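Have a look at the structure below before the remarks.
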Amino acid sequence: MAEQDVENDLLDYDEEEEPQAPQESTPAPPKKDIKGSYVSIHSSGFRDFLLKPELLRAIVDCGFEHPSEVQHECIPQAILGMDVLCQAKSGMGKTAVFVLATLQQIEPVNGQVTVLVMCHTRELAFQISKEYERFSKYMPSVKVSVFFGGLSIKKDEEVLKKNCPHVVVGTPGRILALVRNRSFSLKNVKHFVLDECDKMLEQLDMRRDVQEIFRLTPHEKQCMMFSATLSKDIRPVCRKFMQDPMEVFVDDETKLTLHGLQQYYVKLKDSEKNRKLFDLLDVLEFNQVIIFVKSVQRCMALAQLLVEQNFPAIAIHRGMAQEERLSRYQQFKDFQRRILVATNLFGRGMDIERVNIVFNYDMPEDSDTYLHRVARAGRFGTKGLAITFVSDENDAKILNDVQDRFEVNVAELPEEIDISTYIEQSR
């Protein structure tokens, strides 16, 4: 595993297996072929925010027409430099809020990093950096870099020295390593962003790193934090980083269900899961599918089995070298493979626009993880299907917790499902 060769100071935190809560959705805006597919309740357009013309051009290229509710609530204040604490359900465009707000305010100065965005997994950091590249398409003077463990720190040092970015996205372990070896100066940071902030601040080792990095940035700066799940306990921790923040809780925590997502369970023995999965993959219509399992071993074995059964599957898990993970993520995102088998590593924040079915082959360990996993389907308010295998009493208990917490009824999978309920007919 590539991470293990790397010095201690390149700590990453995405290596827990079961306990990794899936990450909400950091949405990549829809591509042109699914134009305007955000659920939007506002008829105002992005022009009303008085954004730079370069940003508006990029927004049009991405196929956005109207801001989502969270964008409508946050962007006008965020572009004025106000601190923001935001919770909104998966797939509602939170990433675009901080990407647009920081690019609107940025005044690039050679050799100075002014925007720092941190998240808890490498894949999510990679994805956010791609969003910055997408939205800064017509801002050629703005340079964006992404830094995370598992790849050579020497390359990162070289980038900072010879082609210093204005926007840095990364994981706290690698960022702190670069700061400690004096490759990376935080003294010009004007915008400090945490995506999936609950995940970062709940883990004490990661929270310590975030706090150390935060203390090394200037006192006067904008601080923004976002997540799909923000418990009452973690909110005060977030507020300690902020000065009089605007707080936007678009959804009451109990109503974090996803519009357009059909959710079902199947009761079966562990030994019956493979046969049932193959049967369902045969009869269901899908664009792309993600199958979540609880361990690296199961991930590898199931992916192999699917390939042997002529299902074009690819696996992503924490045991892979970083380059391999990113390469596979890109293959799946580019639609080269239609079935992905993954551990929780992939659950939170990853955004693949064509996924319309998620299987919980193994039950997630809690209701947060359930939300973040199933949020991979039905992105941007499109239709989707989530099917959860329940094989013992503990599984049943977690499913009951999900139904109680999110006030949703997860029914037993019927013999037949109307295809129009889980797939966009126009696609």
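Backbone N, Cα and C define each Cβ position, glycine as well.
The structure displayed is predicted, hence computed values, not measured ones.
Annotation comment: Swiss-Prot describes A88, K89, S90, G91, M92, G93, K94, T95 as ATP binding site. Annotation note: S90 (ATP binding site) sits in a coil segment as assigned by DSSP. Counting every protein chain shown, the number of other Cβ atoms lying within 10 Å of the Cβ of S90 (ATP binding site) is 31.
Swiss-Prot lists A2 with the feature N-acetylalanine.
The Cβ neighbour count for T171 (phosphothreonine), using a 10 Å radius and every protein chain shown, is 28. The feature phosphothreonine is assigned by Swiss-Prot to T171.
If you look up Swiss-Prot, you'll see 1-34 marked as region 'Disordered'.
In terms of DSSP secondary structure, the motif 'Q motif' (44-72) contains 18 helix, 0 strand, 11 coil. The motif 'Q motif' annotation in Swiss-Prot covers 44-72.
T171 (phosphothreonine) is 22 Å away from A88 (ATP binding site) when you measure Cα to Cα.
In this structure the C-alpha atoms belonging to T95 (ATP binding site) and T171 (phosphothreonine) are separated by 16 Å.
Each of the binding-site residues K89, K94 was scored by how many other Cβ atoms lie within 10 Å of its Cβ, and the smallest score goes to K89.
Distance from the CA of T171 (phosphothreonine) to the CA of G93 (ATP binding site) is 21 Å. In this view, the densest Cβ surroundings among the binding-site residues A88, M92 belong to M92, judged by other Cβ atoms lying within 10 Å.
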